[in-house]
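J.: According to TrEMBL:
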type: REGION; residues: 1-20; note: region 'Disordered'
type: COMPBIAS; residues: 1-14; note: compositional bias 'Low complexity'
type: DOMAIN; residues: 18-211; note: domain 'Poly(A) polymerase nucleotidyltransferase'
type: BINDING; residues: Phe97, Gly98, Ser99, Thr106, Asp110, Ile111, Asp112, Asp164, Lys225, Tyr234, Gly243, Val244; note: ATP binding site
type: BINDING; residues: Asp110, Asp112, Asp164; note: Mg(2+) 2 binding site
type: BINDING; residues: Asp110, Asp112; note: Mg(2+) 1 binding site
type: DOMAIN; residues: 363-431; note: domain 'Poly(A) polymerase RNA-binding'
type: REGION; residues: 568-664; note: region 'Disordered'
type: COMPBIAS; residues: 572-583; note: compositional bias 'Low complexity'
type: COMPBIAS; residues: 603-617; note: compositional bias 'Polar residues'
type: COMPBIAS; residues: 634-650; note: compositional bias 'Basic and acidic residues'
Amino acid sequence: PVTTQGSQQTQPPQKHYGITSPISLAAPKETDCILTQKLIETLKPFGVFEEEEELQRRILILGKLNNLVKEWIREISESKNLPQSVIENVGGKIFTFGSYRLGVHTKGADIDALCVAPRHVDRSDFFTSFYDKLKLQEEVKDLRAVEEAFVPVIKLCFDGIEIDILFARLALQTIPEDLDLRDDSLLKNLDIRCIRSLNGCRVTDEILHLVPNIDNFRLTLRAIKLWAKRHNIYSNILGFLGGVSWAMLVARTCQLYPNAIASTLVHKFFLVFSKWEWPNPVLLKQPEECNLNLPVWDPRVNPSDRYHLMPIITPAYPQQNSTYNVSVSTRMVMVEEFKQGLAITDEILLSKAEWSKLFEAPNFFQKYKHYIVLLASAPTEKQRLEWVGLVESKIRILVGSLEKNEFITLAHVNPQSFPAPKENPDKEEFRTMWVIGLVFKKTENSENLSVDLTYDIQSFTDTVYRQAINSKMFEVDMKIAAMHVKRKQLHQLLPNHVLQKKKKVNLEKGVKLTALNDSSLDLSMDSDNSMSTSFLFFFFLFFGRNSPAPAVTAASVTNIQATEVSVPQVNSSESSGGTSSESIPQTATQPAISPPPKPTVSRVVSSTRNAATSGNAATKIPTPIVGVKRTSSPHKEESPKKTKTEEKTSSTDLSDIPALPANPIPVIKNSIKLRLNR
């Protein structure tokens with residue numbers, strides 16, 4: 001509203017969002033509106049917008065679920081002999097959070113929900129009587145309870161929509177319809193599981209209250225989430241960012257440019273976070289202390305918080321860092337992607353490129369020369385789901401170990417998993433694999449050094465098996481394997497549609513990404529015709545019916561020309577288009593935290609001078625090492641794998657293999673060693 005005083009018109013000051021002043025209050029221009037409309041048209045084919053009919057279906061399903069909750073709570077109240085006056089108004093409610101609550105869910109996405117109940121309804125009631133009530137519903141399929149999870153949950157499919165339902169019991173006699181979960185006083189006298197369950201809703205609601213324009217925020221977030229998924233940097237569990245973290249980064253951008261619309265906000269997002277001085281934290285509001293003595297993120301108080309590399313702090317009490325999984329490698333990958341995103345959006349704003357360029361998926365399998373392939377297998381689909389979930393949750397531990405290796409600059413795990421090839425089509429066994437790209441340091445020394453990754457791989461597999469055994473999830477036929485693979489060998493393991501890419505050369509400050517075309521699929525040099533059977537040999541050796549279970553790792557001892565390794569270069573002086581002069585406000589209230597020094601890790605490294613072999617010699621592959629005894633783990637404690645498999649023979653039985661290749665890759669159990677020719 002505009003008020004008049006005398007002959008002058010004054011507009012009330014705009015509401016202030018965030019912990020700093022905005023960078024710009026500029027209103028959108030006509031060109032911004034045109035670019036925003038083009039952005040919407042570009043997003044549509046990717047399925048990021050849900051049809052109105054589907055949206056109404058979700059609303060209907062949530063309404064049915066809400067009625068079920070109210071009905072169940074009334075039944076519980078009656079069984080506990082509450083007064084009729086209380087029963088009539090006892091309430092109970094389903095709240096949503098996550099992408100659905102933020103309004104940025106995609107077609108077919110699941111719904112995160114929270115069941116809020118009054119104080120006389122116990123968590124045990126939720127996992128018994130409410131579970132049984134859901135089981136009776138015709139629309140409910142795939143019902144399962146995960147009561148022992150960090151945040152206990154009931155998972156189900158309701159009329160084709162997947163829903164995860166958490167539970168929180170409030171210290172209230174009744175649950176009013178207009179309950180605002182952002183009220184901190186609701187947390188008093190709650191157990192920690194209820195506080196964790198409430199956290200998702202509280203954070204989501206705070207984010208929506210901390211952005212200047214919800215529609216602009218939503219469209220920008222849809223674009224950024226799609227970009228992150230297309231560029232393989234969307235995964236909290238693997239050390240990248242999850243949905244809530246991306247939402248908070250977009251919300252902070254909206255606070256800094258409160259009047260901007262989506263086309264501008266997408267560009268400013270890349271500008272702000274390509275220049276952000278990590279590990280300064282991203283905060284949407286000043287942290288508040290509620291005197292409830294709950295642990296909050298504060299590096300001044302908690303020494304462990306000082307080691308967080310890319311802190312993005314949730315706005316609801318108790319404030320937490322949503323990105324504690326981020327590692328040196330994943331941050332390096334994301335910052336480089338921010339810089340490339342800025343360069344592309346600079347071009348888009350100058351009409352030199354279309355929005356589609358921003359969402360082009362880079363070929364991860366052409367980006368690096370060397371890869372570690374992790375494989376997990378289980379005898380049934382149900383066991384595979386559990387096993388894959390556990391292995392995936394620990395991959396970041398392996399990445400952390402690899403990036404501490406003195407010869408490794410970067411360990412980049414692809415968040416997408418793939419089905420692994422079967423050695424026997426007739427045998428039902430379910431396999432999943434992940435691929436980790438490696439970048440080795442360039443050195444000027446002429447030494448040959450053998451990099452031994454055995455300890456890193458063994459520590460990782462021991463950790464996975466130990467947790468599986470402790471949680472009583474482990475079965476004898478659950479296995480993990482790891483192997484080193486060169487770029488030109490990936491086609492032996494991965495589907496063709498994953499590797500196919502139009503011919504294109506991408507130059508990024510010294511990084512050359514060579515395109516993969518049909519001709520490069522020809523087997524060459526150390527990838528001759530025996531290569532496919534060599535990989536088959538690997539799978540037989542580690543997943544054969546009579547092989548010892550669980551098999552752990554395979555090694556391929558490979559010559560690596562260090563000068564050939566492509567290392568992504570980060571150039572801080574890189575031009576940022578016409579907007580590089582803008583100053584990005586960092587957090588003033590939190591001290592800048594220097595990343596901790598890299599711990600010195602001793603490695604088993606054998607050094608020989610002038611041992612470089614000729615190209616022909618390098619291609620000679622020795623005969624396989626058959627019946628290799630399992631080497632002892634570097635851990636002092638016994639490997640958990642032995643607890644289940646002591647009765648198995650310690651040597652590898654190759655009787656199942658119908659025909660061994662003439663010159664297979666040498667396979668050494670529990671060992672991955674790479675020879676770097678410097």
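Quick reminder: no glycine exception, Cβ is built from N, Cα and C everywhere.
In TrEMBL, annotation is done automatically, which means it is predicted and not curated.
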J.: Which residues, sitting 6 or more apart from Ser99 (ATP binding site) on the same chain, put a CB under 8 Å from its CB?
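T.: Long-range Cβ contacts: His105, Thr106, Ala109, Asp112, Gly243.
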J.: Can you tell me how many other Cβ atoms are located within 10 Å of the Cβ belonging to Asp112 (ATP binding site)?
T.: 22
J.: Using all protein chains in view, find how many other C-beta atoms are within 10 Å of the C-beta of Asp110 (ATP binding site).
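T.: Result for Asp110 (ATP binding site): 15 neighbouring Cβ atoms inside 10 Å.
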J.: Quick check: with Asp110, Asp112, Asp164 left out, which same-chain residues have Cβ atoms within 8 Å of the centroid of the Mg(2+) 2 site Cβ atoms?
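T.: Along the chain, the qualifying residues are Gly98, Tyr100, Ile111, Ala113, Lys155, Glu162, Ile163, Ile165.
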J.: Give me the CA-CA distance between Asp110 (ATP binding site) and Asp164 (Mg(2+) 2 binding site), in Å, as a whole number.
T.: 8
J.: Round to the nearest Å and give the CA-to-CA distance linking Phe97 (ATP binding site) with Asp164 (Mg(2+) 2 binding site).
T.: 10
J.: When the domain 'Poly(A) polymerase RNA-binding' (363-431) is classified with DSSP, how many of its residues are helical, how many are strand and how many are coil?
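T.: Split into helix, strand and coil, the domain 'Poly(A) polymerase RNA-binding' (363-431) gives 27 helix, 19 strand, 23 coil.
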J.: Would you mind reading off the Cα separation of Lys225 (ATP binding site) from Asp164 (Mg(2+) 2 binding site), to the nearest angstrom?
T.: 21
J.: Among all protein chains shown, how many Cβ atoms are found within 10 Å of the Cβ of Asp164 (Mg(2+) 2 binding site), not counting that one?
T.: 17
